[in-house]
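Asker: Below is one structure. I have some questions about it.
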């Protein structure tokens with residue numbers, strides 16, 4: 001396997017004009033140590049776990065040491081935050097070290113989050129804390145295992161360097177990987193400055209690098225915008241189907257590649273609640289779970305607006321017009337598969353009514369769908385393990401009769417259907433209380449075994465893993481008091 005020093009850097013973004021970024025080196029931290037790592041993410045760089053046994057590697061992932069070929073920069077962008085335009089944001093604590101080209105020819109940008117102050121820190125200290133870094137690490141890799149497009153997390157490195165939030169905490173850095181960290185806000189900043197050429201130049205770069213099939217078009221920009229909208233629709237369908245709530249869907253947190261980007265106060269549904277707000281700071285519920293598809297549509301209008309200098313308003317509007325239908329198709333296809341049904345018009349009422357039952361009875365979303373895999377289509381009034389989840393069992397029985405009839409009409413044997421459904425409905429998700437338990441052990445005892453255990457468990461979310469059965473249970477009562485916010 002390779003070493004960090006042997007990696008081939010091909011820093012495409014850093015070859016753009018400095019209009020798009022500022023060159024800045026990470027600020028060192030004292031006595032860095034390894035908290036956790038992802039073997040799967042390491043392999044994207046042709047590295048294995050032995051590389052993390054080298055002190056030089058930990059120093060590099062702490063931002064204390066730059067390697068030949070690295071070109072450290074912080075990216076400029078703007079964005080709409082909670083619906084209001086903020087003219088300059090940028091990487092306030094993240095520093096892009098460079099882009100590695102692996103043996104498969106894939107480009108992976110390496111970014112350190114929590115690497116210190118940059119010209120875009122806006123008075124912040126440029127640091128991230130251990131708790132938020134562990135959360136981002138665990139969720140990035142868990143989302144990948146759920147087959148949801150996401151940035152990746154290679155490792156978390158900690159330091160006893162104090163960081164002050166509500167209380168004194170300790171610093172940490174997450175090594176993040178992505179083909180690109182370009183966001184909707186990367187274009188918005190130049191639109192609001194009335195600078196057309198930087199918009200065009202950035203669009204040309206993104207198309208050449210990540211949408212090369214569009215290069216042959218006489219006018220690639222409308223199709224580029226259309227493709228971004230379709231990727232965004234697919235991502236929203238995946239979030240909604242798995243019960244993931246991002247928490248801060250500002251336009252600066254929207255990936256131009258349709259990746260899940262910037263894990264902050266996220267949360268997965270426990271009891272099914274369409275209006276679930278995972279971010280304690282979101283007092284108005286703008287980014288509530290059931291609002292996410294519409295927020296993404298609104299964010300796309302802001303991207304379209306930013307690209308209007310490259311096309312007419314009508315063309316930009318047309319380019320994103322397919323989003324509602326694309327989202328609807330993708331969401332129905334995923335939900336139908338989770339219910340073991342074909343995605344037809346007759347499937348919609350069954351799914352909609354089931355979700356209403358879940359909401360009315362405060363039934364755990366993930367547990368219900370996993371138990372649904374074992375539904376006996378021949379026993380209309382049976383299925384006791386599933387039925388026992390509901391307070392209104394008569395309502396469940398009525399729905400179960402309809403569902404059983406639909407399954408029988410579908411004609412697939414129960415055992416075959418159950419096996420397929422178990423590949424669509426995870427048994428294990430990153431519940432907030434599981435992350436909290438791991439973080440407490442890490443912060444209080446410097447014991448990272450629970451972080452490692454959770455990472456290994458969530459790398460196989462669809463498998464039974466009977467030794468970890470307790471991790472699939474409903475959250476305890478104390479977990480309902482956990483609050484997460486943008487503070488990290």
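Each residue, glycine too, has its Cβ placed from N, Cα and C.
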Asker: Among 10, 262, 270, 273, which residue does Swiss-Prot annotate as binding ATP together with 90, 92, 93, 113, 125, 126, 176, 183?
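Answerer: Record source Swiss-Prot; matching candidate: 262.
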Asker: By a simple count, how many Cβ atoms lie within 10 Å of the Cβ of residue 90 (ATP binding site), its own Cβ left out?
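Answerer: Around the Cβ of residue 90 (ATP binding site), 23 other Cβ atoms lie within 10 Å.
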Asker: What does the structure give for the C-alpha distance between residue 93 (ATP binding site) and residue 253 (Mg(2+) binding site)? Integer Å is fine.
Answerer: 14
Asker: Under 8 Å Cβ to Cβ from residue 253 (Mg(2+) binding site), same chain, six or more residues apart: give me those in sequence order, or none if nothing qualifies.
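Answerer: Non-local contacts for residue 253 (Mg(2+) binding site): 79, 183, 246, 261, 262.
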Asker: Quick one, of the recorded positions 125, 252, 262, which Cβ has the fewest other Cβ within 10 Å?
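Answerer: 125, out of the recorded positions 125, 252, 262, has the fewest neighbouring Cβ atoms within 10 Å.
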Asker: Including all protein chains displayed, how many Cβ atoms other than that of residue 176 (ATP binding site) lie within 10 Å of its Cβ?
Answerer: 26
